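If you check TrEMBL, you get these features:
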- 1-91: domain 'Cytochrome oxidase subunit II transmembrane region profile' (DOMAIN)
- 92-225: domain 'Cytochrome oxidase subunit II copper A binding' (DOMAIN)
- 27-51: transmembrane segment (TRANSMEM)
- 63-87: transmembrane segment (TRANSMEM)
Amino acid sequence: MSTWANLGLQDSASPLMEQLIFFHDHALLILVMITVLVGYLMFMLFFNNYVNRFLLHGQLIEMIWTILPAIILLFIAFPSLRLLYLLDEINEPSVTLKSIGHQWYWSYEYSDFNNIEFDSYMIPTNELPTDGFRLLDVDNRIVLPMNSQIRILVTAADVIHSWTIPALGVKVDGTPGRLNQTNFFMNRPGLFYGQCSEICGANHSFMPIVIESVPTNYFIKWISNN
């Protein structure tokens, strides 16, 4: 989860989030290079004394400043397209989870395992345990196995919601009457927090999501006990 004064992205917990962080750093490096170059040129332009009364055009420099930005955009576009296809690829999921957005809570269904269903509400501040996180902890966590391909189906019962887990690189809009899907792969155990990130009305930010990533044998025990 995000911590105090965290200026960067959260530590990734999935291969897709790792790739997103790499692309972010790649694009940021290009932006820094462009900013430094343009800042240097503007600084030199303000403080030099070069004057050319008869300069009407410069075809070479115009070719350079037309072609160079196009090449830079290609260096951003190709990795971005690769990531878009990776995020949409769903390859033989082990577990399917269905998430339904309500005002102001989530419902979950494990349709692969005898239709296990439950609602997940935010824990109020006055009922929060001492080791809990305010506005982030829920009464029923999602339990999923690590090192397994997970498919999630997202929809909504009333207005548009958004199922978002930053550490996993997942953000899926839940739209009434429509079923959206994505996948993720958790490569380490832990608790991963998220929230509804759609402007869907009052209290929309108080729809937290908590995933508990556990080894497969613990997940099987949890399924058996439910």
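Cβ coordinates come from backbone N, Cα and C, glycine included.
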When pLDDT is averaged across the domain 'Cytochrome oxidase subunit II copper A binding' (92-225), the result is 90
In the domain 'Cytochrome oxidase subunit II transmembrane region profile' (1-91), how many residues does DSSP call helix, how many strand, and how many coil? 63 helix, 0 strand, 28 coil
Grouping DSSP H, G, I as helix and E, B as strand, the residues of the domain 'Cytochrome oxidase subunit II copper A binding' (92-225) number 16 helix, 64 strand, 54 coil
